[in-house]
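Notes for the one structure printed next.
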Amino acid sequence: MVKVGVNGFGRIGRLVTRAAFTSGKVEVVAINDPFIDLNYMVYMFQYDSTHGKFKGTVKAENGKLVINGKAITIFQERDPANIKWGDAGAEYVVESTGVFTTMEKAGAHLKGGAKRVIISAPSADAPMFVMGVNQDKYDNSLKIVSNASCTTNCLAPLAKVIHDNFGIVEGLMTTVHAITATQKTVDGPSGKLWRDGRGAAQNIIPASTGAAKAVGKVIPELNGKLTGMAFRVPTPNVSVVDLTCRLEKPAKYEDIKKVVKQASEGPLKGILGYTEDQVVSCDFNSDSHSSTFDAGAGIALNDNFVKLISWYDNEFGYSNRVVDLMAYMASKE
């Protein structure tokens, strides 16, 4: 089992660690976070307002974080080049600070003995992989990769199924997205993106997202055919993608449902879900799928123009894919 270090113990860092323990697919051996001391790590890992209390045991012992009896080395370095991942036995590093997202910056982890780095965010220059879509393009020569964004992980599997079966001529995506840490609790300054600085709990905030364009990077045939935007809404977690697209081959909505259901039970099992239930966002909290197609919510204007709806837990679903990508990479060593 591959040994993993986590850099940045925020929402994704903590949930990747949870996903590692619940899935048993990778082993977390080290965590670096200069802003959180050990006792605070215990508290933050144990208690989670969104996903509930951790079901195992967590304690601090001999300067280490001990989860379910497993001792994890703690570092508190600001500069990633100074983290001694090798000494802790970490082979792969999850870069989840949201700060070191380029090849050059994330590459600093390699100096401390890490063999590979997985960026838990979109990257300007690192190759992006979406499980269920293009992981087969991964090869051993790649030291630094990106797991793309939570929204790309929701959209890409659905877009792949639709494109493979009916062909997507062009499409627009909207994600109705839960609040994340980059937003403000009350109105405040926000650099160039003025709207993003408005109170997160009070507003529906139009925002930009590169998630749809990024699908073109993981499915090259869709490059230039998709773009999208986001509405940030006052919910703590779980988001939903609306993909409105023009189809090459005419299809009845029932045909679309059928192929998505087949994919969800076959090649994309565990990644793409399918439901005909009358669900709402809450129902997907702590769901580990990348994307769950809502058969009852979509609509068709005609056989070539459809609106498709898919839900995702933008925290936990994504964190599980980070773990899956690492397990997949380890299988290719």
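Glycine is no exception: its Cβ is also placed from the backbone N, Cα and C atoms.
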*R195, R198, R232: which one does Swiss-Prot list with S149, C150, T151, T180, T209, G210 for the D-glyceraldehyde 3-phosphate site?*
R232
*So Swiss-Prot lists R11, I12, D33, R78, S120 for NAD(+); which of N304, N314 goes with them?*
N314
_Can you identify, from 99-104, 165-170, 243-248, the stretch that Swiss-Prot calls motif '[IL]-x-C-x-x-[DE] motif'?_
243-248
*For C150 (active site, nucleophile), what is the secondary structure by DSSP, using just helix, strand and coil?*
helix
*In terms of Cβ proximity under 8 Å, which residues at least six beyond the ends of the motif '[IL]-x-C-x-x-[DE] motif' (243-248) contact it?*
155, 158-159, 162, 166-174, 226, 303-310
_For T73 (phosphothreonine), nearby residues of its own chain (Cβ under 8 Å, 6 or more apart in sequence)_ = V29, A30, I31, K64, D87, A88
*Between T209 (phosphothreonine) and K184 (SUMO2 cross-link), the C-alpha gap once rounded to whole angstrom*: 18
*Could you give the number of helix, strand and coil residues in the motif '[IL]-x-C-x-x-[DE] motif' (243-248) as assigned by DSSP?*
0 helix, 5 strand, 1 coil
*Ranked by the number of other Cβ atoms within 10 Å of their own Cβ, which of the modified residues T151, T180, T209, T227 ranks first?*
T151
*Do you see any of the modified residues T151, T182, T227, T235, C245 whose C-alpha is within 10 Å of T175 (phosphothreonine), and which ones?*
T151
